[in-house]
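Data block below; observations after.
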Amino acid sequence: MSGVTAIKRAESYLANIAAKNPEFNIFVSQRNQNNVIDEVKTSALDTDKKLAGQVFALKDNFCTTELPTSCGSKALENYVSPFEATTSKLLREAGGTFVGKVNMDEFAMGSNNMISLYGPCKNPLFSPDTPRSAGGSSGGSAAAVAANMCDFALGSDTGGSVRLPAAYCGVVGFKPSYGLISRYGLVAYAQSFDTVGILSRDVATCETVFDLLNQHDSNDSTSLSDQLRDQICLSVAEKRRDDHKFTIGIVEENNLDLSDEVRQAWIKAVEFLHAQGHKVVTVSIPSVKHSLPTYFILSPSEAASNLARYDGVRFGYRAGTDSDQGVLYAPTRNEGFGDEVRRRIILGNFNLGSDFFGNHYRQAQKVRRRVQHEYNAIFRTPNVLTQGEDVNNILDENVEFERVDVVVGPTSRTTAPTHDEVNNAEASVESYVNDVMTVPANLAGLPAITIPVGLGASTVGIQLTGQFGDDKKVLEVARILERINQQ
Ligand code: GLN
């Protein structure tokens, strides 16, 4: 991209932010515009850099030294981090220009980006007068990409928070395998699930960003070691498809209560892949039906521990000393956190209490392992993390499945609901149910990407999921599926 093109494009992004942000509430803080343009000017000339001239946004839970990192919460309102997230640092070193922070559900808990200190984010594909959900919790990241406010954005995906908003906003959303991208500087929600994800308008951009961020970070204790990365490369290479023809699975258990549009898009995607010469087979992962309850036991339990640090002593919001609620800790947390976050902290502590630990937390961990093993039984590529564990008896012996390269399914049960529909839905249960398609990949740590599939005037997110570490194959099939929109 020439310097002039890059500057023009960056200027159009800034103009879109200025024009649309007041109505859609996507950005929550922005860098000085002259600095942004100056940086793009310099970076565009440095064509050796992978992200020369590109502009990106960050979800408000990535630590940056330049703007506040509030996680959409009063508990961290105006909090400025003393250090920079590894991901943000790597993007800037590669020539990317950071434009600002985007809206999110408080502490990444939610599916519609309607629970935020800054108010709800609106989906830019629809009129702001009858607003529709941008999806959550990374609603701002998806909306910023869909509204042409940046080239790409980072979000975090704990149970689907990159893929669900990407599906609702008609963009690409990729959650890599757990541990590939550093979480250093990503504010924790549930650390054994949290994954940095990438949102963009095409798979090529997403892959460029992934390739850059996919490296070990000694600051993150869960970042995969170089040795494990080498093992993954070997095991993936063994199962490579040199003819680029893949076996694609349809998971029986995904055949749930889907909206007509979603079902049609799923069929269209499967027919397209079949027409391109790939083999389509049906597979079963019986335990995925237990994914939601498992996720909603484990993730609040981890959240309860992670969020204990917001005590009003070291950083963030502190309640006034004249509070009538007694000591500092309780009023600080009562006033700092919103209803949903408080609900999850209570739920998490309940599950971890000695009376319920065995029945809830430990059982849920077992189901999580089971889901992982069942995925291992359907993929051609072995899982380097669980090698040596017996997976052969996991599926019903009478059923013979052909092993698959990736599975294809819907990203969500419906397209974006209106804000009114979300508000009228019964408590939070309806929004919890919407994570049913995305949560399994987080339980098993698998790579999963959503691709917008055009259907008349609208788009529906279709998801591809692969074996742990087989991220490049998932991206390759995604590039094939993306062509469905050029027909
Ligand atoms: N919607 C899910 C939840 O509320 C997922 C959130 C996420 O991935 N951060 O927990």
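Each residue, glycine too, has its Cβ placed from N, Cα and C.
TrEMBL: automatically predicted annotations, no manual curation.
The domain 'Amidase' annotation in TrEMBL covers 11-475. Confidence across the domain 'Amidase' (11-475), taken as the mean pLDDT and rounded to a whole number, stands at 94.
Lys59 (active site, charge relay system) carries a strand DSSP state (E or B). Positions annotated as active site, charge relay system by TrEMBL: Lys59 (among others).
Annotation source TrEMBL lists active site, charge relay system at Ser137 (among others). In the three-state DSSP scheme, Ser137 (active site, charge relay system) falls into the coil class.
Long-range C-beta contacts of Ser161 (active site, acyl-ester intermediate), restricted to its own chain and to partners at least six residues apart, with a cutoff below 8 Å, comprise Asp105, Ala108, Ser111, Gly136, Ser137, Ser138, Gly155, Gly197. Residues or ranges marked as active site, acyl-ester intermediate by TrEMBL: Ser161.
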Tell me, if you would, which residue among Lys59, Ser137 (active-site residues) has the fewest other CB atoms within 10 Å in the structure shown? Lys59
